[in-house]
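Colleague: For reference, the structure I am asking about is given below.
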Amino acid sequence: MRFALLVSVFVVASCGLAYELIAAAQSSYLLGDSITQFSTVIGVYLFAMGVGSWLSKYITRDLPARFIEIEVMVGVLGGFSASGLFLAYASSAAPFKVILYGLVMLIGILVGLEIPLVMRLLEGEIRFKDLVSQVLSFDYLGALAVSLLFPLVLAPRLGMARTALLFGLLNIAVAIWSWTLFRTKVSRPRYLLALCLGSAVLLLGGFAGADKLTHLAEHQLYQDEMILAETTPYQRIVVTRWKDDYRLFLNGNLQFSSRDEYRYHEALVHPGLASLPWARKVAVLGGGDGLAVREILKYPNIQSVTLVDLDPAMTRLFRDAPILRRLNQDSLHSPKVKVIEADAFKWLDTHPEETFDFIVVDFPDPTNYALGKLYTNLFYRLLERHLVAQGRAIIQSTSPLYARKAFWTVVTTVESVGLNAAPYHVLVPSFGEWGYILVGRDSKEKLAAPPASIPVPTRFITPELWPALFTFPADMSRVPAEVNRLDNQQLVRMFESEWRQVIR
Amino acid sequence: MNRREFLAATGATLLATACRNTAPPLPPGELLGQDATLGHKLRDGSMPPPTEEKRVPVLIAGGGIAGLSAAWWLQRNGFSDFLLLEGEREAGGNSRSGKNAVSAYPWAAHYLPIPGVEAEYTRLLLAELGVIKGDPRAPKPEYEERYLCAAPAERLFIHGRWQEGLTPQHGVPSSERAEFARFDELIRGWRARKGRDGKRAFALPMALSSRDPDILALDRISMHDWLMSHNLKSPAVHWYANYACRDDYGTNHKEASAWAGLHYFCARTGEASNAEHETVLTWPEGNGWLATRLQEKVAPHIRTGHWVWRIGTDNGRAWADVYLAQENRSVRYHAERLIWAGPMFLLPYVWTDAPEAVRHSARAFTHAPWLIANLTLSAHPASDGGAEMAWDNVLYNSPGLGYINATHQNLQVRKGPTVFTYYRALSDRPPSAARADLLAADYTSLARQVMADLTPAHADLPQLVTRCDIWRWGHAMVRPTVGFVHGAARQQLASAGKAPILLAHADLSGLSIFEEAQYRGVMAAQAVLRRG
Ligand SMILES: Cc1cc2nc3c(=O)[nH]c(=O)nc-3n(C[C@H](O)[C@H](O)[C@H](O)COP(=O)(O)OP(=O)(O)OC[C@H]3O[C@@H](n4cnc5c(N)ncnc54)[C@H](O)[C@@H]3O)c2cc1C
């Protein structure tokens, strides 16, 4: 009996420390700034434990039953703490920090109640001095065991959600064991047993479905069913489906929706390429989804397409996954397409001999300084060197409506390297009003002149649209802007502040 | 200890280990630096006597920026009868660099501010190297963009967080920020200020600065006392001024003179047509890029592994005894002119029968020791949610200055493996004591200090560092202590170069920076060309 209780002390202490660490690790994972997260979570937890041990003196009757109940509560709360926090974060149901610290406080109080109760349960059995030293040494041993196991084995092998559930199960095991020891001394043994077993089933179910839980959490983030997800060294790629709508997200940012991507990609390719019937050689920078390539391959005069994308996983997914192949009409399997896995800036810089008749620049938006480099004058100067004399390039460049200053900054930057720019815009429902810049050495008027016809099948773009495309209504018309250079990268800040106002 | 304390303690150690995974062993690496035994032999003159005699019209002793610039200027003006002798296996001096599979990286000097019109020779060189495009004398020349430091240039780790820029802000009370504004205001005033002689108060090269006694008086108080005299007491302002003095002069702001401290803030007024104010020029290998380009220009004239251990004059000509490290023998060179481009503290040992005034003045030069570590990382450290990785990443209130990210100027988007160059001026103790400790320390203790300084800012660093090489600079930089820059010894030596022995080194300016080293080199070369 005595030994049994001491073992439970060991387990209880392990679990107590484990929940503290899990909450701290989970919050620093989700919120960043690990040092602050660790120290605030640990601080709140210790405070709550103090509250718990103070509260323990109010528990006077039916000690064994209370202990079992507390164990069950700790087990369930602690066990689901990691997955619960993730879900809460993803669904942003309530302010995440309120949930986080509420949970930490609750678990802390319950854990703080445990040890004083054990001591009092044992009081009759052992002399008080021995009792204290034995209980405390088992307590410390348990904590030590976790402190070693947690970072070395549990967190890396099982992941956070399962680690928490495992400790929850341990708490329940202690509860069940205590039940077998005390079942004759408690008033409602059946109810207690049902409580223990029910929670054990719940936790086991959670353990089996831990992957589903994380999945569910991501679903909350993406709303729709996730049909593909992959984490690469560069980004998290997620493809979702809702009815017949497929969406691609990179790091949580929507890249396209299959419902209206034709608008985006037709507008990206045809205004440039339809006017270059002599074009043979095309490059696509970024755009590993193969959708721009699909549009380009419609032109029989195009003999080669060089696709330069950073992430081999992107091009592999869009080459191999059946739904995605259907979307890009197998464009990445075309013998005309050469896929180069490289950083586009670096590649242009190190391959001065490669020149093209038409270049599609389809990079992610300038959301950080690394991506911001791809929107600087140095980049456009390189781009210019890779265009043949009559060649043209098209640059996707954020929304002239939501990020008006940013859009015109890109236009100004392109012009600063001696290229002429003909900006235009299109409504893509899932993005809003979207902007493109057609550039070349021809005059602006010549760049913006409509082709006699679009010689390939399109759903959206027709020559009649030209005047509307190239006219900017007053709310998105040109504003004075400065050149975006590597040494100032003003676009990144501007982009962020303009979009923050839109999303808010 | 009760349970709560125990949990707190394990929590805290886990905080460390969860990020650090049980303190991993130190990364492998090498201790590098000048050969100390050779240095001592050089100083006590116990070199083998010369066994051969050679003649050359002009001899340059020392292949740092000053020596290389003298060679460059001679050659640029059609004079090519010279040899440049460098003791180390490689020229470059304090602007040397290294390279591994991940990146090139500096071993000391790492940047050049955009030069103003006064730094005429620096601009000419940059134009020759394609860094300046078009007219190098234009008020605002155009620069090649890839050499301009890309944004974000600087960030500061302060109170547990990375903030943008170097002006301390995160967790700094508003009263201190107000003092900062006042400090900036004072600096702006001095930047624009001219002396009664019509020259700018602080110019670069420093020789072109005003000689107005009111301005020179700043050399007689310390930077610290100057701040106090303006009632600037904020710890953040003092940290900032101290940082600047440590960074540029290896000297703390209680020892550095206010003239030198203000020179740092006020002299760099160069502008570019295509760069923000105060942008700097930099390369993955730092100023090693400039040193290498200079070496390429005069390569056939350079002899490395040639230690000049004794020089003297003989009937209006100069001679030099040179130890050839590879052959373990010495050669005596006779030359019409000799340019001593080594550091001034060596001069009394090498030029043993120099005029007494020269030897006396040279002994007054003190030099700051430095420790540089190049850490190779398998990946960039994880972001902590604060300011993004910058080129110069500075640590607030830390023994080290911080680190430069060698791959910052890369064009690619991807942030892969990189090299961090960690800088630490040993400025908190007298240089001789700090130097003795530095040279006596072993790899383990130095590497441990480096890691301990950086890990608070990057908890995952120990897992990422695959190598840590450490360079110990015993006499790295001349110290512009109170009274030194405009004191007798420096002024004496700056004008002591007389045929046949001329002097050229950043030491002569009392400020260890590229423009000064280059200016002194070019001045010596001009004296040679004038046959002076
Ligand atoms: C850690 C550190 C960081 C720095 N950062 C910067 C910076 O960012 N920007 C900047 O502008 N400046 C910086 N500097 C200053 C740098 O010292 C100067 O820019 C410049 O490199 C000095 O050149 P120098 O020719 O005057 O001297 P040195 O570099 O000292 O050159 C002297 C040369 O002479 C050789 N030599 C010495 N004795 C003999 C002998 N007896 N025989 C033959 N050869 C000999 C030496 O080996 C050396 O190559 C830094 C310096 C240090 C130490």
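We number each residue from 1, going along the chain as drawn.
Placement of Cβ uses the backbone N, Cα and C atoms for every residue, glycine included.
TrEMBL: automatically predicted annotations, no manual curation.
So TrEMBL has the following annotated:
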- A:34-55: transmembrane segment (TRANSMEM)
- A:67-92: transmembrane segment (TRANSMEM)
- A:98-119: transmembrane segment (TRANSMEM)
- A:131-154: transmembrane segment (TRANSMEM)
- A:160-179: transmembrane segment (TRANSMEM)
- A:191-210: transmembrane segment (TRANSMEM)
- A:205-441: domain 'PABS' (DOMAIN)
- A:Gln235, A:Asp309, A:Asp343, A:Ala344: S-methyl-5'-thioadenosine binding site (BINDING)
- A:His265, A:Asp289: spermidine binding site (BINDING)
- A:Asp362: active site, proton acceptor (ACT_SITE)
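Have a look at these and tell me how they're positioned relative to everything else.
Modeller: Remote same-chain partners of the transmembrane segment (A:34-55), defined as residues 6 or more beyond its termini with a Cβ less than 8 Å from a stretch Cβ, comprise 16, 19-20, 23-25, 27-28, 100-101, 104-116.
A Cβ distance under 8 Å defines the sequence-distant neighbours of the transmembrane segment (A:98-119), meaning residues of its chain 6+ beyond its ends; these are 5, 8-9, 12-13, 15-16, 19-20, 23, 27, 41, 44-57, 59, 63, 66-67, 70-71, 73-74, 77-78, 81, 84-85, 88, 131-132, 135, 139.
Listed by sequence, the residues of this chain that lie at least six past the ends of the transmembrane segment (A:191-210) yet keep a Cβ under 8 A from its Cβ atoms are 65, 68-69, 72, 75-76, 79-80, 83, 159, 161-162, 165-166, 168-169, 172, 175-176, 179, 183.
The average pLDDT computed for the domain 'PABS' (A:205-441) is 91.
Spatially close to A:Ala344 (S-methyl-5'-thioadenosine binding site) yet at least six residues away along the chain are A:Leu285, A:Gly286, A:Val308, A:Asp309, A:Leu310, A:Phe363, A:Leu374, judged by Cβ distances under 8 angstroms.
Here A:His265 (spermidine binding site) comes close to A:Phe256, A:Leu291, A:Ala292, A:Arg294, A:Glu295: these same-chain residues lie at least six apart in sequence, with C-beta atoms under 8 angstroms from its C-beta.
Here A:Asp362 (active site, proton acceptor) comes close to A:Leu268, A:Val284, A:Leu285, A:Gly286, A:Gly287, A:Ala292, A:Gln396: these same-chain residues lie at least six apart in sequence, with C-beta atoms under 8 angstroms from its C-beta.
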Colleague: Highest CB neighbour count within 10 A among the binding-site residues A:Asp289, A:Asp309, A:Asp343?
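Modeller: Max Cβ neighbours within 10 Å, all protein chains included: A:Asp289.
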Colleague: Are there recorded positions in A:Gln235, A:His265, A:Asp309, A:Asp362 whose CB lies under 8 Å from a CB of chain B, and which ones?
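Modeller: Listed recorded positions passing the 8 Å Cβ cut to B: none.
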Colleague: Which residues of the same chain, at least 6 positions away in sequence, have a Cβ lying under 8 Å from the Cβ of A:Gln235 (S-methyl-5'-thioadenosine binding site)?
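Modeller: A:Gln235 (S-methyl-5'-thioadenosine binding site) has long-range Cβ partners A:Leu250, A:Asn251, A:Asp311.
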Colleague: With the S-methyl-5'-thioadenosine site defined by the record as A:Gln235, A:Asp309, A:Asp343, A:Ala344, how many Å span the farthest pair of C-alpha atoms?
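Modeller: Among the residues the record ties to S-methyl-5'-thioadenosine, max Cα distance equals 16 Å.
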Colleague: Quick check for the class: what is the C-alpha distance, in angstrom and rounded, between A:Asp343 (S-methyl-5'-thioadenosine binding site) and A:Asp289 (spermidine binding site)?
Modeller: 16
